[in-house]
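Take a look at the following structure, please.
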């Protein structure tokens, strides 16, 4: 599927909302370049770049990585794909980051995945992780092909120490407090499109139809299986 113009979108959603799964489907279906702040952070730390070392220092000390450092990380990567359509995942997380993004490029739309916190708690306690790649599995709806092993490498999966109900509740509350102003920022600009539900497979067709209409307004028969 060839896009007729450059299209740039941000995807937002709390941990466990299915944002990663939806992002993968958007990239596959519409050919957007996936920019994940988490992937970039891990790659820079592994490569021991200047920004990577700075971020690792913050993380090791239990501190939040400063807005300007995360912004530099994302904007540096954006320069290499400035003529491409992209999906930005995990950024911006604060209004300051959103304003920085607006100062350098024009975002077409912001997709917000809204899943009840109780549903997310149930998902995350069933979640297993391949630590080196960041690939996430869920024994209920996205299990690995072989129990306990990563599909790509065959390496063992782990369960995060902080995937406990109490810790998850704190993380979700923290996400809500941090990102609500960002959602309001984009809502005030008329850019926010929220998709609510409890199952990724039921939310996805609505997101797909929305993006098809945005990208191919003259051809609304594009919707189909990913």
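Start at 1 and count along the chain as shown; that gives each residue its number.
The backbone N, Cα and C atoms fix where each Cβ goes, and this holds for glycine too.
Remember, predicted model here, so these are calculated numbers, not experimental data.
Dumping what TrEMBL says about this protein:
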BINDING   16, 17, 18, 19, 20, 21, 127, 136, 137, 200  GTP binding site
BINDING   37, 42, 63, 64, 65, 90, 91, 92, 93, 97, 160, 171  AMP binding site
DOMAIN    127-162  domain 'Adenylate kinase active site lid'
REGION    36-65  region 'NMPbind'
REGION    126-163  region 'LID'
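Map these features onto the structure and tell me what's around them.
Listed in sequence order, 89, 136 are the same-chain residues six or more apart from residue 20 (GTP binding site) with CB atoms under 8 A from its CB.
Note: residue 91 (AMP binding site) has non-local neighbours 10, 35, 37, 70, 71, 74, 97, 101, i.e. same-chain residues 6+ apart with C-beta under 8 A of its own C-beta.
Averaged across the domain 'Adenylate kinase active site lid' (127-162), pLDDT in this predicted model comes to 89.
Listed as Cβ neighbours of the region 'LID' (126-163) (distance under 8 Å, sequence separation of 6 or more from its ends, same chain) are residues 16, 20-21, 38-39, 42, 171, 199-201.
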Let's check the environment of residue 65 (AMP binding site): how many other CB atoms sit within 10 Å of its CB?
18
So if I draw a 10 Å sphere around the Cβ of residue 127 (GTP binding site), how many other Cβ atoms end up inside it?
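For residue 127 (GTP binding site), the 10 Å Cβ neighbour count is 20.
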With an 8 Å cut-off on Cβ distance to the 16, 17, 18, 19, 20, 21, 127, 136, 137, 200 Cβ center, who else from the chain surrounds the GTP site?
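My list of surrounding residues reads 123, 138, 142.
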